[in-house]
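S.K.: Copied straight from Swiss-Prot:
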type	residues	note
ACT_SITE	A:49	active site, proton acceptor
ACT_SITE	A:60	active site, proton acceptor
């Protein structure tokens, strides 16, 4: 049982969705990013996805791209990513890494799985790795006893929903809309339908379904929490750090934002 | 002239678009349905006589195919006397081989019931070809181009806009071709219902590498027959430049089963491999996953993409199509770098000896032919793919050779 699965089970026992926050390691520098993720946990995030900054983030909108660029310019390394994972775990939340595939393959798939587990990480989210290409990762994550989170999207066929959920462990990441990361005025209408379709294939396994993309305030978090097992927010945290004049202010705003979202997932009508 | 245009499936192409350990589909789940749609539509289209007839009509009446084979009687003395045959893709409408792929995918877009086309471009050749096809076929057209490239290739921006395309400068990342590809993928995932991503090379996730190969197969199919008709034998070697590698795959494909024919791909060596300023993914990169496929990539020790460098904007890309990766690893084709200086010398020589201004991309293949000639000797016959014409490169050439200086150093 990973910390992730325990945290999701605890939230469920409390009758609420879990709050999952995304933040890239090394933005604006490693020490500051550790303070930010600590603030996210203090504000009420149950799970933190530590972003592995990558030069070509095809699925990310401008805010997360900018954060990743800044992290890379600051010289962030895989070791730094694992240090942030350790900090999240020490702060008492479940720690995941979210990474495009090439940096993991370059690190060494087996080595990354082992080192992530050793750093206290619960698993890895792979936005550009589909189960068909994931055999080495499935073996490595099994060997290390960590979770692997694949994505489903509104365009996924029922057959692919079943296949992807069968390959996932911990939870499955439901992309709420067709598009890249970033804030939206409204939660996409496609989100609820995707969760319903995904539920149809996870009924037996009970695999939790967490929804991300375009969720950026407490009301939206509450809306999604009414039908999902977890609510994933990323751009909103990065935007607050980008806008803040200094790290102290950034951490305060991040903590307040996490608290708003945490209240949201608790206010949901279920 | 009759040409066998049937599209052979390479025996080494595995399920899911894998070429040995290369290729595949490293793409977000959100795009899988669209990639499957394209793959299915292409399989149907390429076996549909009506589709093939329509494509063939455009290639003949609009593009001007078959492109001629020109013997370079004078340039051969700069190739150790080897017989040099030039496949003249530079004479196609829009000035390069790119139109072959673009017309096929634009027709496919209509067949899929989509109304909007997006594409990436580096130098602007693929963007111009795409804007051209969209103007012809009445499709909405959006071209992503790195801001850096829009500045370097301002005339091609004007051409695309003149043809009715919207050109969007990409201001993220390194602001070059790879970032334009990223931005096109971001657009596609958002607008996939109405939009086809008309990828311009044999890279990206399956089915792009094999579909684009199929559409350029005509280069090699024509050239193989033309060489046989002209010389009564197969060539000893085939030379092409390789960025993403579409013109090279196009001309190689017809010769891959001919074991006696040596295949040479010439990458952009920039300032030289030892300087780190180059775009030679196979000879100077390592295996990784990039923009949808496992292939050779220019990357650092952490798997971050390293910016490429080449005097040729069309080769300035930090990866290569996965079939080339396979051909390199299997030994069926040989890849070597050509420096900026070597390419520009071949560029100058072809201009002066044959009255043909090649694209600087193609000049890499010509420089390579000089090396093959040195290796194989004067009895060899070398087929060179002149993938494009050099009109677009005159600003670069004028700067490089000092053609617009007060003294007009034309003799350089």
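Sequential numbering from 1, following the chain as shown.
Every residue, even glycine, has its Cβ placed from backbone N, Cα and C.
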S.K.: Please report the number of other Cβ atoms within 10 Å of the Cβ of residue A:49 (active site, proton acceptor).
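M.R.: 29, counting other Cβ atoms within 10 Å of residue A:49 (active site, proton acceptor).
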S.K.: How far is it from residue A:49 (active site, proton acceptor) to residue A:60 (active site, proton acceptor), counting Cα to Cα, in Å?
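M.R.: About 14 Å separate the Cα atoms of these two residues.
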S.K.: Please work out the number of neighbouring Cβ atoms within 10 Å of the Cβ of residue A:60 (active site, proton acceptor), leaving out its own Cβ.
M.R.: 26
S.K.: Name the secondary structure element type, per DSSP in three states, that contains residue A:60 (active site, proton acceptor).
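M.R.: Its secondary structure by DSSP: coil.
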